[in-house]
There are 4 protein chains.
Amino acid sequence: MSGNERSRLLGAAVDEELARALGRVVESVDGGKVADGIPELADVDPDRFGVSVASVLGRVYGAGDTGVGFTIQSASKPFVYAFACETVGTDAVHRSVGVEPSGEPFNAISLDELGRPENPFINAGAIVTTSLVPAADAEERFSRIHEALSRFAGRELDVDEEVYTSEADTGHRNRALAGLALAAGSLATDDVDSATDPYFRQCSLIVTTEDLALMGATLANGGVHPLTRDRVVGERAARDTLSVMATCGMYDRSGSWAFRVGMPAKSGVGGGIVAVRPGEFGVGVFSPPLDEAGNSLRGVAMLEELSARFGLHMFDHLRVPASPVGSATVDEGTRSVTLELRGELDFLAAEQVVHDAGRLVEHVDARTLRLDFDDVTYVSEVAERLLRATAAAAEEAGLDVQFPGAPEGIDPGIR
Amino acid sequence: MSGNERSRLLGAAVDEELARALGRVVESVDGGKVADGIPELADVDPDRFGVSVASVLGRVYGAGDTGVGFTIQSASKPFVYAFACETVGTDAVHRSVGVEPSGEPFNAISLDELGRPENPFINAGAIVTTSLVPAADAEERFSRIHEALSRFAGRELDVDEEVYTSEADTGHRNRALAGLALAAGSLATDDVDSATDPYFRQCSLIVTTEDLALMGATLANGGVHPLTRDRVVGERAARDTLSVMATCGMYDRSGSWAFRVGMPAKSGVGGGIVAVRPGEFGVGVFSPPLDEAGNSLRGVAMLEELSARFGLHMFDHLRVPASPVGSATVDEGTRSVTLELRGELDFLAAEQVVHDAGRLVEHVDARTLRLDFDDVTYVSEVAERLLRATAAAAEEAGLDVQFPGAPEGIDPGIR
Amino acid sequence: MSGNERSRLLGAAVDEELARALGRVVESVDGGKVADGIPELADVDPDRFGVSVASVLGRVYGAGDTGVGFTIQSASKPFVYAFACETVGTDAVHRSVGVEPSGEPFNAISLDELGRPENPFINAGAIVTTSLVPAADAEERFSRIHEALSRFAGRELDVDEEVYTSEADTGHRNRALAGLALAAGSLATDDVDSATDPYFRQCSLIVTTEDLALMGATLANGGVHPLTRDRVVGERAARDTLSVMATCGMYDRSGSWAFRVGMPAKSGVGGGIVAVRPGEFGVGVFSPPLDEAGNSLRGVAMLEELSARFGLHMFDHLRVPASPVGSATVDEGTRSVTLELRGELDFLAAEQVVHDAGRLVEHVDARTLRLDFDDVTYVSEVAERLLRATAAAAEEAGLDVQFPGAPEGIDPGIR
Amino acid sequence: MSGNERSRLLGAAVDEELARALGRVVESVDGGKVADGIPELADVDPDRFGVSVASVLGRVYGAGDTGVGFTIQSASKPFVYAFACETVGTDAVHRSVGVEPSGEPFNAISLDELGRPENPFINAGAIVTTSLVPAADAEERFSRIHEALSRFAGRELDVDEEVYTSEADTGHRNRALAGLALAAGSLATDDVDSATDPYFRQCSLIVTTEDLALMGATLANGGVHPLTRDRVVGERAARDTLSVMATCGMYDRSGSWAFRVGMPAKSGVGGGIVAVRPGEFGVGVFSPPLDEAGNSLRGVAMLEELSARFGLHMFDHLRVPASPVGSATVDEGTRSVTLELRGELDFLAAEQVVHDAGRLVEHVDARTLRLDFDDVTYVSEVAERLLRATAAAAEEAGLDVQFPGAPEGIDPGIR
């Protein structure tokens, strides 16, 4: 056996875990009904079933039909929302669409007291969100959305033209929803079709579970695609998208979904679901038969399985944060203290640094404090403020403070 | 200046950050109305304002009136819920109370289609939750709840007897809610008072912002008090409580709260709010004047400030997970690979171990694989399964696999 | 054959019509479910079926089980409401209870924005209405209600003590509703039981379809019992009761009931329904099996049959009003015009008088106008104003105006 | 003073009563806000105020600005509904639109569980109703509606072309509502504009309070115009329209309107309201400033005034029905009884005839029974059945029965 084969055997353990989970769901969950709003959706093979998991570190695992294409449908909504937030700003988006769970089905027609669709994931809200993408016409609008969603996936996605045509032909209700939004002043264009046409097209994009997993992993990773390293959207747009997925992703089951599964998610009537363990994974599942709420029956079961067996619930086993202080060295002779910092410095990490530094300075009655930033990869604003304030206090107390390797702005001298 | 004084100066940076944030809120936010349901609440000094932050590592910071006592009111609900889940099991609790946001005020009287209050944080749901604590009578029930909430705080809490008496005297509506739950079969006792009386008492417990911060930190820490190291509730009860706080904690503003603040939270009409950054912090704030939704006006503003300025939104800057592989050593002579593992091994960490091990084994065509568990503090079930499966595959491929320091069960020999 | 037998044969036609209608319903409508909230109700014979019709002129007809007693249950609500309006005034009643259809089931727990039950026919509203009857305690309150309902029926009604005891024992929900109303400030007593106990008793009164028909006929007749001639309540209380029955009598089916049946009505879970054709008839039906909305299945069908086949829909064939001018005599010699008025003079009738008088005066260039009131039985306020104004104008124009037989106040001389 | 002048003085009393009522409203009610959805409505003189009352006997009275034209707006809905029911049948109409009060504003967008607008008076329901009028295109559809509404008014109505154009230009929401109805399968055409365009036009028809009063009087009169004697719609369509006006005419105030005013009614944002006292009067009022519910503020006050002071509440002072037996003659010699019948014979009247006939036959031991129909103007189906059955019974008992002047079918010989 070659080393290469050994490696493959070793690496297969995750795929095998996924395959076992898939098998359990196949055995225990049956029924549901394939979406039949349009004939093109009804013709799909109901037995297709696949799952993919992509980590923020760029590894992709899977089981079942991971390479089968299907239309993304409503699972496109979080990504178009993220793109709109990135393009025109979150505040501008939410002047036109709310952020409360509607407790209603996906095609609900209620508007909130400000005349906005209640959130960007009901159809009316998604159409409004689409309309917010700046463009001269329907074609340009879809072209921009197409490019954005392809970047989320890390490859160029195709449109299923038959599905698009059929949805456009029968989309009376969605056009009516757009008209209501127009009448209420929420639609960003006064040409209803220039919002609904790109909407029908974005719903008709063909994806695989791998695509959905990587799209989710891009959100999990703060907007950067784990493989292409392309920053598709900023951290704020990614955070806002996950927030909306956490409360509005599963229609009128948001509370129990957050309780049982605990992963921000979004489903589509094509049978796909995208779910995210923030900071860690994206998950894509696909199985066409739907439950009464319009979510993939086996897809939901698979995500429950992953949440329960893989510990993916976002509040499951909250990991004790790793210390940002890699090592602390005290030179008794010079009475200097050196802390080698590492990783990302956010509020919690900075608090640890400040705390440890204070304890050591006191312990050795230090004269010099050195905070080594060479292995630091990120400093948040509050962390910077804390470290600068600490440095200033230390200097005032007569210490010599040094920040080797620190990014500009941390240096207390440039306050 | 002594070293001790230097240390204090250094450590003061976090308190100062909090004080600045508090100052900004004092300047920019005014108004609101102190709760006046009972005279004892109306008499409170409206200008009191404090904030405390407690980390899972046990440090507590604060600014303003952090030592002033006030009645906990509805901020008791998550902790009684956690205690009930721990005592009778989450499933048993949810046979009697739902888990969907009600989109309604705290004293809403609607029951869901199963006759259950919609969630444990509306009054009806909290009374039902209280009734689920097994006890012979009202006194024993409150005694158990009193002990549990004191353990969450890390000190024995007192009851404000005047508030309790006044609430008991005027609690017609809450007794009626209990009666409705009894009629619907959700109340665990057929003596209404033996549920409402402990409920009135638990609402009358006196806390400070430090208490709330530590109670929240206990949830953030998976159920273990950061200072006393007392396991108050299990990980599952802590997770479930955070889930409910995330979707139902702020009444009919759950969506926008999750969006803007992004911390599971619960408020009380006494002016207190407890919020949690899971895995990191608990936060307690106190300011009596309330907004129309019954939440502390300045308390909400303070949490928005903390979320925005301290990066405490739970989806804010998702930290890249630290590697579980502290060091990897290859002995070219013996063709043995040693990975020193560290910290907590969950699914993500185990995947990294398996991935790195496979790559190295292939790279050096290794004959021996050693995974050193000495610095590992936790192994989740899925991580154990992955590591066992990988070890089995490696042995099958002819490698000698060793797990120095591994907990029982990881050892491939005992499969 | 004696004349007496002939008369009976002639009079039997109405009973026979009712019997045929009853037969059609028996043949075409089956199913439903006897109320089983308490065992005493579940034991009733489901095949009992009767209908009675009582006219405001005092004739009572019937078919089927017209003499079988059953508990009145919620069909008591209109009569207690009428009695409360009569006793404390309609305005006082509606400070505590609303008048909008709730669109909800009978045991709904919602209160309106003023803290009032939405109408007096949902349980909460009926309990509040009961509480408004002035009394020192529960016993006196029921005693007064008992007397009032007996007067509506024209005979002393009995209480089914077993039903009462059973409902009182299991009435947690109704007591809770009373508690909510107390908490909201709508209950007129702060002793919950002194409202619910009389409520349970009034629901347990035993009636027959004849009783219900006569109780309804009393409302149809403006508050006067057609046989005893007892004025049970005033015209205004009767009118208000019919208004509420018209919009809130059949729970969440008010619109379609008004549309299809068109008779103000109220049902009870005992299987009884009382319905009214205002100004003409009261109807009582009884058949225990209920539909999903809790209304007697065959009872509803019987009322639809009566509405359709007997023309009892209140907007069905609107009768052309009879002329109030019995005869008009012109004495050409004296140029005097005499109108013999008859019946009831309301706005429409007075307008006819004024119109006809004017036309005749002009036609004969009259010098004297005589309006003979001998056969007038009632003069409404607006009619009096119109007639007085007309008399004044006539005198001003030089006519001699005379009102033989007119009630005081009509006489123009006493303006 | 001529007789003619005397007559005018006499007849002026009703107008004067109305003028006094108008004056009281002008003095006591002020405020409100003229509709400003389109500029053409906003330009109206807010001080215009008029009222007209038309009786089923054809007299029309008024006070204030009775001749000022305004657009009918939503007050057109009952008449288009009546026309649709007449044209395609009530059942067909209600397969596409419900009959429950929606408890929501006029432009509500909810559909019931069958996908129908909840009633024909919310905008969506009115558009669906309009679509049900059979026509090849928008023009023909409006042409038919135009003709029907003109017949209701008794004169050809004009369209305000500016209002129509403006409403058509800004009618996004109404077109969207039509689209929703189309998507739900309720719209009778798949060309949205061929429903909304006639709808916009019918709302733009110009009427006066006299027109509205006569249109209402036509409904009050069972579908026959009191002046032109034109049967515009059948009795059933008139009855159904009154039923819907009674429960759905005033949006979310149906219960309190029925309670306080007690007249089936419909308002329009142009400031008009049409109300009906069934069987007696139609009322039209006009005053542009609206209350928050979108009803004419002074118009509502005027109808409350009329209801209270003129006794127009439909359950107010329920008139004792006039006897259908004009005279009863007994010829002792021939032992024959003759009853001279008069007016309209419905169930109540027939019962009186049967009852009186039986009593007399018994009293004199009669041999012959004569029911003289010369003055009878109408015989309902149930009345005919009762009289035929009575005749048959009488013949069987040996009496000679005669029906001089009876319509065919009453004659017992032709059973």
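Each residue, glycine too, has its Cβ placed from N, Cα and C.
TrEMBL annotations: computationally assigned, not manually curated.
Quick look at what TrEMBL lists:
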type	residues	note
BINDING	D:SER74, D:ASN123, D:GLU167, D:ASN174, D:TYR199, D:TYR251, D:VAL269	substrate binding site
DOMAIN	D:326-415	domain 'STAS'
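Those binding-site residues from D:SER74, D:ASN123, D:GLU167 lying by chain A, with Cβ under 8 Å from one of its Cβ atoms: none. Residue counts for the domain 'STAS' (D:326-415) under DSSP, split into helix (H, G, I), strand (E, B) and coil, are 37 helix, 31 strand, 22 coil. According to DSSP, D:VAL269 (substrate binding site) sits in a coil region rather than a helix or strand.
The Cβ of D:VAL269 (substrate binding site) has 22 neighbouring Cβ atoms from other residues within 10 Å, across all protein chains displayed.
Cβ-based neighbour count (10 Å, all protein chains) for D:TYR199 (substrate binding site) stands at 32.
D:ASN123 (substrate binding site): 23 other CB atoms within 10 A of its CB, across all protein chains. Mean per-residue pLDDT, taken over the domain 'STAS' (D:326-415), amounts to 84. Around D:SER74 (substrate binding site), a 10 Å sphere centred on its CB holds 24 further CB atoms from the protein chains shown. Take the CB of D:ASN174 (substrate binding site) and look out to 10 A: across all protein chains shown you find 25 other CB atoms. In sequence order, D:GLY37, D:ILE38, D:PHE200, D:CYS203, D:SER204 are the residues of the chain that are 6 or more apart from D:GLU167 (substrate binding site) and have a CB within less than 8 Å of its CB.
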